[in-house]
Amino acid sequence: MNQYLFTSESVSEGHPDKIADQISDTILDAILTQDKKARVACETYIKTGMVLVGGEVNSYAKIDIEELIRNTIKDIGYINSNMGFDANSCAILNNISKQSKDIEKGLNQLDPYMQGAGDQGIIFGYATNETETFMPAPITYANKLMIRQSEVRKKNILPWLRPDAKSQITFIYENKKIVGIDTVIISSQHSEEINLSDLREGIMEEIIQPILPKKWISNKTKYFINPTGRFVIGGPMGDCGLTGRKIIVDTYGGMARHGGGSFSGKDPSKVDRSAAYALRYVAKNIVASGLADRCEIQISYAIGVSNPISIFIETFGTQKISNKKLINLIHENFDLRPHGLIVMLDLLKPIYRETAVYGHFSKIHFPWEKIDKANILRDSSGIKI
């Protein structure tokens, strides 16, 4: 018997780093709404009473950055200085400049399919058949707990909840299959008046119990709810926030490797983002086809060069055909050039604000979550599954 524990964490939409991600992607969406060919790299820094946005943009779009930022913060729920941050009164500093002409020349080509990558980099994609969404269970349920935290807060079911929160969940695996949940952790910001006992009871009854499958819960499952006690000071007052600091929460919860590039605030010419979406699409279709139970793909690019430099695949011994044949199928069925990624997944639409919370993967309405190539891959493999 090979038993082990695996843990993933998530954070709420009101976590400072996630506020920053949402602001960056809100600005990106506003620009893409007016100018689909825009080049955008928008970073956000947030701290008590202040938001600073910076980066590089090449676009003719005219947007009201201050209004976008204030509305985003209001949507998240920071509307009162008692929460440590107020959308209506925070200072906003804008230091966005033009993109370098040298980079622009390297990307823009007469034939868009010859468009080079916006930077060098390594990118990973992953899928597993351990859940219906082809995502690892630990990050899936860590995200679900945070989605539920937001829901009960905004519906006033637990009126003392505040926007900042974190979750962490540890699964028990036996022979690579889930057999239970070992530990659940939730820390949630709250108002002054709630006592710790009522807080823990409310979070258990309204957030944890409705989300976690009973088949994985036992009398040995451990729960830590606000384990340090009071959590009144949170959000940007408790910690500064920065775009791109939650890359493991954004992806696979540590179950797969990560190339290091973040997503939010970047237009799809940046392969850090577009190739990560594409490789999720490729890996998910391989697993959905039955050609592997788990699939991790690495790709690399050079700045200004259209074709990928390398492709590597790892199937953890679960493949039904050789990894070499799988790579051939990838080349035959997916265009992984930067412009090819954009066309394949229709990435010029203003869809990115929603990706900035609760993970970029598993939301089935996004194009990189389609499994429309699964049957093609299975038929092309030459084997019956």
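Quick reminder: no glycine exception, Cβ is built from N, Cα and C everywhere.
It should be emphasised that the depicted structure is a prediction, and the values quoted were computed from it without experimental measurement.
Residues 99-109 are the range that Swiss-Prot records as region 'Flexible loop', among 11-21, 99-109, 253-263. Of the listed binding-site residues A165, R230, D239, K246, K270, the Cβ environment within 10 Å is emptiest of other Cβ atoms at R230. Distance between Cα atoms for D17 (Mg(2+) binding site) and E56 (L-methionine binding site): 20 Å, as a whole number. Of the residues the record lists as binding ATP, namely H15, D164, A165, K166, R230, F231, D239, R245, K246, S262, K266, the two whose Cα atoms sit farthest apart are 36 Å from each other.
In the three-state DSSP scheme, D17 (Mg(2+) binding site) is classed as helix.
Counting only residues at least six positions away in the same chain, the Cβ atoms of D164, A165, K166, G235, G241, K246 sit under 8 Å from the Cβ of H15 (ATP binding site). Of all the binding-site residues in the list E43, E56, K270, the shortest Cα-Cα distance to R230 (ATP binding site) is found for E43.
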